[in-house]
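Per TrEMBL, the features are as follows:
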type	residues	note
DOMAIN	B:13-74	domain 'RNA polymerase sigma-70 region 2'
DOMAIN	B:100-152	domain 'RNA polymerase sigma factor 70 region 4 type 2'
REGION	B:163-196	region 'Disordered'
COMPBIAS	B:185-196	compositional bias 'Low complexity'
Amino acid sequence: MGKSRDTTPSRKPKKKRDKAFDLWLKRGLHQMFDNVVNEPIPEELLKLIQEDREKQD
Amino acid sequence: MTASFHDQVIAILPKLRVQALALTRNRSVAEDLVQDTVCNALSAQDSFVMGTNFAAWMHRILRNRFISDLRKKREVANIDDTPQSLLSVSGRHEDRLALKELDAALARLPDDQREALVLGVLEGMSYQELADIAGCAVGTAKSRVFRARRQLEIWLIGEEDDVSGKTGTESASRMSSTRRKTRTARNTTRTAQQTA
């Protein structure tokens with residue numbers, strides 16, 4: 001049943017379009033967020049973590 | 001050798017940034033949110049049980065902090081600030097336009113749907129992980145990702161049915177203006193389809 005639904009002519013282009021949209025969405029999100037992710041961590045934040053680490057040791 | 005608590009905090013910072021930016025949509029507010037999250041996590045480190053899901057624990061702290069901040073001041077998102085700072089990417093004019101449209105569409109999604117979509121698609125988190133972070137059922141997390149993705153598709157490419165729960169008139173008026181603006185996104189999707 002599932003197979004026949006998948007091979008229905010009207011279903012095929014939609015699935016193909018869904019895949020294309022997913023791919024485009026993923027690329028778009030990466031372009032939007034990757035530069036933020038790759039930015040260096042602020043020194044201030046790292047210092048905060050390091051100070052707490054030393055306090056715990 | 002297992003990583004120490006502090007090593008784990010440092011390692012998860014990039015992912016927290018993604019979540020914070022997805023929620024706040026403002027770079028400097030997101031940075032503050034990450035910093036506040038780290039402070040909260042350091043204060044509460046005794047309550048974390050080593051060996052349990054550290055990532056979910058941290059993401060949950062960030063989410064709770066965001067909700068608590070949101071309650072305190074009801075206007076966190078400065079969407080006008082976002083496209084310039086968030087979309088400082090090189091590329092073809094058409095690609096940048098498509099990204100701008102994607103960004104605008106993301107801004108219109110409810111916070112919980114945007115967060116689930118970004119963490120799911122970008123960070124590859126499972127529905128179970130998303131549910132752990134949001135403190136909801138797995139089915140709810142799944143539904144959030146589905147609805148967000150579907151809604152973006154409707155806004156950016158155009159579809160007949162609107163899944164946002166808005167009234168027909170509201171959706172129709174939004175869709176007609178969006179359709180005019182989103183030829184670029186549609187063309188870019190076609191390009192993706194051809195190269196897929």
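Glycine is treated like the rest: Cβ placed from N, Cα and C.
Per DSSP, the domain 'RNA polymerase sigma-70 region 2' (B:13-74) is made up of 51 helix, 0 strand, 11 coil. In the domain 'RNA polymerase sigma factor 70 region 4 type 2' (B:100-152), the DSSP tally of helix, strand and coil residues is 45 helix, 0 strand, 8 coil.
This prediction places the mean pLDDT of the domain 'RNA polymerase sigma factor 70 region 4 type 2' (B:100-152) at 95.
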